Amino acid sequence: PLLQDSSGTVAELNIGRSVTEIFGYKTQGCRKAMCIAGYIFSCGALLLLFYWKPAWDVWANCIPCNLQEADVILLRTTDEFQKYTRKKVTWIDLSKLNLSVRDTSDSLFIADKDSVINRAIMKPELKVRSIQVQKIWYIWDLSMKQFQKVGSLDDSNSCYDIHDKFGTGLTREEQNIRRLVCGPNAIEVEIRPIWKLLFKEILNPFYVFQTFTLTLWLSQGYVEYSVAIIILSVISIGLTVYDLRQQSVKLHDLVEEHNKVQVTACTKDEGCKKLESHYLVPGDILVLEGKKHSLPCDAILIDGGCIVDEGMLTGESIPVTKTPLPHMENTKSWKTHSAEDYRRHVLFCGTEVIQTKPTGKGPVRAVVLQTGFNTAKGDLVRSILYPKPMNFKLYRDAFKFIIILTLIGVLGLIYTVCVYVQHKVIAETVAMALLLFTVSVPPAIPAALTTGIVYAQKRLKNKKIFCISPQRINICGQINLVCFDKTGTLTEDGLDLWGLIPSEGSRFQNVYSFASGTPLPWGLPCGAMASCHSLIVLDEKIQGDPLDRKMFECTCWVNVTVILTACTHVIVKPGPNTRNAPVDGIAILHQFPFSSGLQRMSVITQQLGKDQYDLYMKGAPEMVTSFCRPETVPTDFVKELKVYTTQGFRVIALAHRALNMGKDEVESDLTFLGLLIMENRLKAETKPVLEELSTARIRSVMITGDNLQTAVTVAKNSGMISKTSKVILIEASEPEGPTPASITWQLMEDSKQMAAGITDTCVNIEERTIPERESNNYHFALNGKSYQIIVKHFKSLLPKILVNGTVFARMSPGQKSSLIEEFQKLNSHGQGDELCSNILSCSYTGVFQALKMAHAGISLSEQEASVASPFTSQVPNIECVPELIREGRAALVASFAVFKYLTLYGLTQFIGTALLYWQLQIFGNYQYLMQDVVITLLVCLTMSLTQAYPKLAPYRPPGQLISPPLLLSVILHTGITAIMLVCGFLLVKQQPWYSEMANHSGKVPLPAPHSVLSYEDTTLWPLTTINCIILAFVFSKGKPFRKPIYTNYIFSVLLLTQLGICLFLLFADINAVYKGMQVSGTEVDVVLQNRHLWLLIKKCCQFRSRSQYRKWQRKLEKDPTWPPLKRKDFAENTVSLAAVPLTGITLWRIIYEALLTI
């Protein structure tokens, strides 16, 4: 919790990355009795309402109270949705454990005196109050008066505390307490029963209304269409339930194998023994054996080392070396002490231990850090079980539109009552009024929309793009910002060695090219390449980081693993193709694994048969040279480094030192050995795809963990940054003493100027000045460190930077997620048609948190962690991105078309039925059946079959149903239909052969058994029927988002057949009316859907977007001081850079807001 008010009734609870408000309530007997009576008297309607609105249920049954006294907790999310959830407070009884200590109030049940469990136990009752929220348990802290999370060790523990408090294990009694309070160490995902899924789906408000409608129709004898809708709805619900059930089974199978793993755990009083991982608790000692196995919990390594495969978390199946947490006395939190590298000491749940490296002291041991859903894998599973809510205007507008149609139905109900009461036909008034009320809201809407998504999902599957969240397909139709990872996404996953630039006598030597195929001669650089890595031999194959693997392969040495002095060591030996190596081999005695925080790795080695010890280091050139003796670093180091980084090469520096084991500092006074140049090639598909996205005015952004210079070059080579654009490098610095945080703006130097005379370098020379202002003629590039400082100290500058920010390098996974959230905020007040309104994140490895944060995420990896991504592509390149956007646009347009069609179909029937009610008449059942099944139902099932247009248009389809084009289209079509039907209704009465015939009440006798019901009915039915066919044709729009209508063969043949049947039935009696209707209807929609017309109207009326992105863009275009160059700003001066929000136009506000969708 972050906050609690003075009354104690409200607090805030941290749930993952989000914050939730919690309110305390106490159940009151009399209120509950009244609610039960309400359930009975309302025949369950009140209960159903409370199911939809859990907050109302709590407010009706309970009274507000202090959280300490509450037996019901109401949770409310703090996002825009403000979703309520009801949770019951449960009591955990510890008295059944027969605890030995229970006398004094100061006695501790948990040895860790800082543990929240000690503060949560009520004495002498020995009970604990708890709630479970999204699978995480929280207990009531009696001292702090708030709910605290359990299931993990406190982060405040220092390195010394971890070793001292938990190094010898827990007592049996403490284990039992923790197990009862924290729950079992299991990620239990229930396979949801089909009846529960069915029950939840059926209780959707629209299906409840549909049930009421169909019940009414069946009672009136309208059996055929009702049965058809029931069948369609059952199929729709069945498909949804089947999909949810399959996901539930898949997720259950994914986690079940890790719930019952046999492990060895140690306790203080019983020693080590085998047990099921289900019984592990935070603080237990876990003994890791040599065999391959999966980790059932998160644990901190305290003794020995091990190599694990973290592909489940990162998407990369690369062995990672884990080192023990240092045992040192300090007061810092163990995470703070390790800074960004704390993960190298943590073994994560679900990852696989490949190899253990015991020390001479004993086996490899780890302290259980987190259990169950608190673990890394549990967090991944929770993100799937409780995904981020979708805020898509189509679904919100659809609900609003249905409410409008319902209000129209209410007007029809009132009209019916008035007409029937006036004619004194009281007996059938209620039935006829309800019938007209239900006509205005077509019951086929949810089934028809589901059908369109199913078709789109099938087309994506044929293109090897799989979807676990079908509703996000429509969202993809609004994508206009794509965030790409670099390695494995834009570039090839592996690296090719380009060359080695050795250094001798503080001067760079000639480049050694690996393309020649000649083995690298022996020397210190060769020794560094052969030994400074974390490769292992597994299943007779060398495995590890692709960079390490490629570097080692180029030395032509071989890797073997042996056991020396009870410890496992890696020994590398010269292979048969090496050149005159004067050594028998090199033993790697100790590794300091690579860390992104340290930006380097080191190894201590010994040549076989010699007493000489060496230290080799490799890493980021700037970092490695800081450990080298200055006289060994070439004077032109910076210039040489720029030559290669600005061409997109990945550059690694090598260094060496002969060790004197008596000295403490090993990573100092090194000798610089040279630069290793590695090439990371673009994928062949990258440039064409980025060009296609750029042509479609879809912005591309790179978010990578790689070097900034390399990332900028890749962005330029791929076309993400055009050759004529400038790149402004942003560097921010933390405050130091009295000096506040600062930010500098520097135009990146042209690489050709630095690379003059170097062969194989092709970079255009450009003037380093900002040309005449263009909105996109410059791009910002910055790294993760600068981004973090800007978020902290220059928050007002962040929107300005994001407007033209293109390259974000050295970003951690958390920073990637944060950046995507900031992009989303940039359009938090927009109308759905702005640059950052919908974001697609595309990654091959390492960005699964970002994939979940974006509106839609597509993973190019098939690793286990990719299950968190809404979309997964089996083709590992970014060609899937435009495919997904194309299909999303086609599905969105199809959804709009179906919705518009069904709306006008309902309104057409509503008008026709209302006119007949004036005569106390109604369409016959078979007439309704012809319109509803033969025409409308088949149209809805086939209209969405039209495939996506192969070329992406430079604009997106409308994202709102409540917009001027659609509203005017519906209003004008409804008006034309009403005029046509009223004219037909009146004109038929003027004919000389007209005579009043029987109505449904039987007041006028029928002249013959097979006579028509009335001339009015005979006139209105064909008009409404042919109108439905014309509307289907008009709304089946093709280009620019879907292929032309004639490519949808089934739909085209269906329309022609339906039209033929109608003409056959009607012959040519009202052909003139039909032709006039067809012309007027088509022309109206063509005009209303004309994008250029609406753009012209917007321009004339000077409509401006309320989007934060557009506001900032307009403001920056008018700012002569932006972008800043060659200057430094300080945090205390950044307030003057904040923008003043623009005011909107208040006249015709609804029309103005709706126009923004064009």
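Sequential numbering from 1, following the chain as shown.
Using the three backbone atoms N, Cα and C, a Cβ is placed for every residue, glycine included.
Over in TrEMBL, the protein carries these features:
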type	residues	note
DOMAIN	19-141	domain 'P5B-type ATPase N-terminal'
TRANSMEM	33-52	transmembrane segment
DOMAIN	166-212	domain 'Cation-transporting P-type ATPase N-terminal'
TRANSMEM	202-219	transmembrane segment
TRANSMEM	225-244	transmembrane segment
DOMAIN	263-384	domain 'P-type ATPase A'
TRANSMEM	398-422	transmembrane segment
TRANSMEM	434-456	transmembrane segment
TRANSMEM	898-920	transmembrane segment
TRANSMEM	926-945	transmembrane segment
TRANSMEM	966-988	transmembrane segment
TRANSMEM	1019-1036	transmembrane segment
TRANSMEM	1048-1068	transmembrane segment
Have the transmembrane segment (398-422) and the transmembrane segment (898-920) got at least three CB pairs under 8 Å, pairs 6 or more apart in sequence?
yes
Closest-packing stretch to the transmembrane segment (898-920), where packing means Cβ pairs under 8 Å, from 202-219, 225-244, 434-456, 966-988, 1019-1036:
434-456
Would the transmembrane segment (434-456) count as touching the transmembrane segment (202-219), i.e. at least 3 C-beta pairs under 8 angstroms with sequence separation of 6+?
yes
Within the domain 'P5B-type ATPase N-terminal' (19-141) only, compute the mean pLDDT.
85
Close approaches to the transmembrane segment (434-456) from elsewhere in its chain (Cβ under 8 angstroms; 6 or more beyond its ends):
204, 206-207, 209-210, 212-214, 216-217, 220, 229, 232-233, 235-236, 239-240, 398, 402, 405-406, 408-410, 412-413, 415-416, 470-471, 473-474, 887-888, 890-891, 894-895, 898-899, 902-903, 905-907, 909-910, 913-914, 917, 922, 936-937, 940-941, 943-945
As a quick check of your reading of DSSP, tell me how many residues in the domain 'Cation-transporting P-type ATPase N-terminal' (166-212) are helical, how many are strand and how many are coil.
29 helix, 1 strand, 17 coil
Run through the domain 'P5B-type ATPase N-terminal' (19-141) and tell me, per DSSP, how many residues are helix, strand and coil.
37 helix, 41 strand, 45 coil
Mind checking how the domain 'P-type ATPase A' (263-384) divides into helix, strand and coil residues in DSSP?
31 helix, 50 strand, 41 coil
